Amino acid sequence: MGMFDPLKGFGVTFATMFKKVVTEQYPEDFYPSAPRWHGRHQLNRHPDGLEKCVGCELCAWACPADAIFVEGADNTEEERYSPGERYGFDYQINYLRCIGCGLCIEACPTRSLTMVNFYELADDDRRKLIYTKEDLMAPLLPGMEEPPHPMRLGENEQDYYVQGPELARGRGVPEGETVETSKEEAIQ
Amino acid sequence: MGLEEKLPSGVLLASVEKLANWSRQSSLWPATFGLACCAIEMMTSGGPRYDLSRFGMEVFRASPRQADLMIVAGRVSQKMAPVLRQIYDQMSEPKWVLSMGVCASSGGMFNNYAIVQGVDHIVPVDMYLPGCPPRPEMLIDAIMKLHEKIKHEPMGPNRAKLKAEKGEELALPPSSVAHASAKTRDERLRTVPPNEVEGKRSSTIPLQLLEER
């Protein structure tokens, strides 16, 4: 212990006054999470607005917290929600169970389920935190149409899966944009 | 509590209510109740980068009598439940509970005999915060939403009755939209999923449907 050690301590305090402030002013300024951050889910659409979900329940089976409930139903010619045979009739995610591990995203065979990096989910009601299909569905982009409607982009579901990106361009989605997720924000 | 329950509601008490709520909201003192990994994020929120002291709540009280917000951070085991309830009972009125993380809110992925399936089995919860664990911004967001709730809390049964008659539901939009400056607000609105902005999503499950199952 030297004689000047107590003064050195004050020196640190004094020097800190001239350093850049590290505090994030969060609610006033927004700081986006990392682009691939596991936030809220989103159910995607094909470029013509038909749903990608086929109601296979693989996400529900993969979920370690049992947070997802899916009920499939058959498409008919009059009422078509997705290309192919089946669609997700009921889809619920309980955000009070979901741990954001992303296993459901890995399990999804059609990339219907993805995550966006929205995270401000807190609410005062348990019931409101069970998100239903309407809450999770991706917004309609230009060129999309609310289902039910017939397949606009091909004869069968094969066309939808094989030529997805070209069909998206044809529907007016610009180059470099995707119909899959919302815009990813990167940390500046 | 006292006088405000006996007097008819009027202009004076409405202003008193606003003042009381404002003072309560702007210096919430949290009681530490860190039980698991969520507590690490809670401590980070108190640190220099996220700095909860901006909202008058930097000191996490170890004594329940000096605290009015209990942040239950982490999974509550059956053995911890009576302790948690006792701490809650020792806190002086008015008091609020924030259930931080999925484990505290509903048991999360630990659906087993050892974990209480939601801290609202033991104490009344005012704000649920999902996430595993929620990032510090999410905790601040939940606290801002709780501030909003406290701000509109009725004082005494007369005011409560009046508010119930009006039947307005309190909207809780994402904090980064609600508190954004006029300049950045529009830009922020564009990046938020559209149905989150209203504060209420387009649909919640109707009770009727739940009962049918």
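From the backbone N, Cα and C atoms, a Cβ is placed for every residue, glycine too.
Predicted automatically and left uncurated, TrEMBL annotations should be read as such.
Mean pLDDT for the domain 'NADH:ubiquinone oxidoreductase-like 20kDa subunit' (B:37-146) in the predicted structure: 90. The domain 'NADH:ubiquinone oxidoreductase-like 20kDa subunit' annotation in TrEMBL covers B:37-146.
Sequence-distant neighbours of B:Cys103 ([4Fe-4S] cluster binding site) (same chain, six or more apart, CB under 8 Å from its CB) are B:Ala36, B:Cys38, B:Gly74, B:Arg75, B:Val76, B:Met109, B:Phe110, B:Ile115, B:Cys132, listed in sequence order. What TrEMBL records for B:Cys37, B:Cys38, B:Cys103, B:Cys132 is [4Fe-4S] cluster binding site.
According to TrEMBL, the region 'Disordered' annotation covers B:165-213.
Among the binding-site residues B:Cys37, B:Cys38, B:Cys103, B:Cys132, the ones with a Cβ under 8 Å from a Cβ of chain A are B:Cys132. Within 8 Å of the centroid of the Cβ atoms of B:Cys37, B:Cys38, B:Cys103, B:Cys132, where the record puts [4Fe-4S] cluster, the same chain has further Cβ atoms from B:Ala36, B:Ala73, B:Gly74, B:Arg75, B:Met100, B:Gly101, B:Val102, B:Ala104, B:Gly108, B:Gly131, B:Pro133, B:Pro134. Residues near B:Cys37 ([4Fe-4S] cluster binding site) in space but far in sequence (CB under 8 A, at least 6 apart, same chain), listed by position: B:Gly74, B:Gly101, B:Pro133.
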